[in-house]
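A quick write-up on the structure given underneath.
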Amino acid sequence: MAANMYRVGDYVYFENSSSNPYLVRRIEELNKTANGNVEAKVVCLFRRRDISSSLNSLADSNAREFEEDSKQPGVSDQQRHQLKHRELFLSRQFESLPATHIRGKCSVTLLNETDILSQYLEKEDCFFYSLVFDPMQKTLLADQGEIRVGCKYQAEIPDRLAEGESDNRNQQKMEMKVWDPDNPLTDRQIDQFLVVARAVGTFARALDCSSSIRQPSLHMSAAAASRDITLFHAMDTLQRNGYDLAKAMSTLVPQGGPVLCRDEMEEWSASEAMLFEEALEKYGKDFNDIRQDFLPWKSLASIVQFYYMWKTTDRYIQQKRLKAAEADSKLKQVYIPTYTKPNPNQIISVGSKPGMNGAGFQKGLTCESCHTTQSAQWYAWGPPNMQCRLCASCWIYWKKYGGLKTPTQLEGAARGTTEPHSRGHLSRPEAQSLSPYTTSANRAKLLAKNRQTFLLQTTKLTRLARRMCRDLLQPRRAARRPYAPINANAIKAECSIRLPKAAKTPLKIHPLVRLPLATIVKDLVAQAPLKPKTPRGTKTPINRNQLTQNRGLGGIMVKRAYETMAGVPFSANGRPLASGIRSSSQPAVKRQKLNPADAPNPVVFVATKDTRALRKALTHLEMRRAARRPNLPLKVKPPLMAVRPAVPLPPSSHPASTNEPIVLED
């Protein structure tokens, strides 16, 4: 009963998706809607998977500093990986969620210097936070103030003077006396002088136009003149005049008129006070944020002084009573029964009724996290085409902590298996969709299904900036280095400056002569004659001459063919044609177009000694030209290729010929 009772201030799990991890939220209010349902106003807490990679790097550096300062004991790589799942980031973002989506309680504490990080792994449903995440500004800031320790912040206490020793320091530089309790005036005389000062302040407010508008009645002016600022001014006047009442009274009313003393309560307008109350409702006593977002024209000292004066007014007392009455009318707690409905991601066994993700699942797959093969219940995890699954315990860990128990390649962990291909060339959605234990044999098939076409559409200002600011943009250099960042804002700003001064003459456009469609179709038919598709599982002959042929207008980008070097023929990938390749006398046919779902493994071209020698023989200009147009054949002069004498090929029973097709067995 107590486990299912949720109160204001509890940290709870919310489920917004059956496949995604739980949301960690703190209950601020429990409100009953018009239709009888209960909604929870909650504070959002974010995980590492919810923030960008740059902020993750900042969180890593903050964690390293904390470990060094607090002298944490060493932890293993797996423990460090799991500690990242226990770290949360507090925010000031509020949202309303149905209370029926609550899935349990958890504990979130502020990380202290005395805490040991490994203890959080020993407790279930236990999290910590040390940084505050701003979803709007995309920033991470410390949640607690810095403890200033050291000689820069501590007072230096001088040695105690001996008896009879005089203090030779200049007392006027050390301090200033503002009141002498041993003055010749009595308490009655001081009180009478303070009454005179209040009367002068009331008269001064009657003469001031702005004050008469703010305090239109005599009672309001008298109340404003009785504030502490008037009394402080009166006592300071007595001190400066040597406690002479006659001189002090003449100082209160100089030749120009009575002195008017106003504090922050009178300086602030009604609209500014309303803004302050609204900011205080949103941020609390965070005066820096109040000044930054609501009152930037006020100083921080003015806001702090107004806050403590505002707490003495009737307005503060009324708001406090209203909040107390509103809190009494709201729900204090709510009972949510345990959620028992089956998850749609459950993999139904063979003997039971097939579910959403159970049909068509391969047998013999292991858990993606702990690699176990036995579990009472399995859950589908990741994209459906990958057919990854988690065991029951790892699924609960994924839902609560938002990660897998073991580190994966996506988190930068090194695995013991030898996998030559990395994921650096993949986009973030593709890399996240791939399982860390997917073999290279199935990777091409998965990528073929996950690729999506995207279009980058530029604005008119961007197209103008490319031509107006070619000296800053350097488009040829940027095209060769697409990974280098470009300051687009600076280029657009410079373009807006140069644009009014630019000449109004139209730009020269070089027309491109295109062949008619009939000619292109004839060339395509001549280069790639149609032939019925070869049934799957049969031998598919591939003509090596057809691979090396330049299709030009056909638009098919094939690998560049090298010329014959020193009498040794080269294939399309630059490797000498060796003997022992099976040949056939079948006629050359068009290569069958493969289905993306049946895509083969990625083809890797391994450079040989002859290929590397060929590259060295090319000039820098030829290398650049070949890189820009890989579909064109590369012509190399024979004298340049004479790097080493040609080695005759050993005799073979199967003669190598480029005129006959090569048969590849599926």
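These residue numbers are counts, starting from 1, taken along the chain as shown.
From the backbone N, Cα and C atoms, a Cβ is placed for every residue, glycine too.
In TrEMBL this protein carries:
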type: DOMAIN; residues: 4-144; note: domain 'BAH'
type: DOMAIN; residues: 145-256; note: domain 'ELM2'
type: DOMAIN; residues: 263-315; note: domain 'SANT'
type: REGION; residues: 412-437; note: region 'Disordered'
type: REGION; residues: 578-598; note: region 'Disordered'
type: REGION; residues: 645-666; note: region 'Disordered'
Can you check how the pLDDT averages out over the domain 'ELM2' (145-256)?
81
Secondary structure content, the domain 'ELM2' (145-256) (per DSSP, counts of residues):
60 helix, 0 strand, 52 coil
Secondary structure content, the domain 'SANT' (263-315) (per DSSP, counts of residues):
38 helix, 0 strand, 15 coil
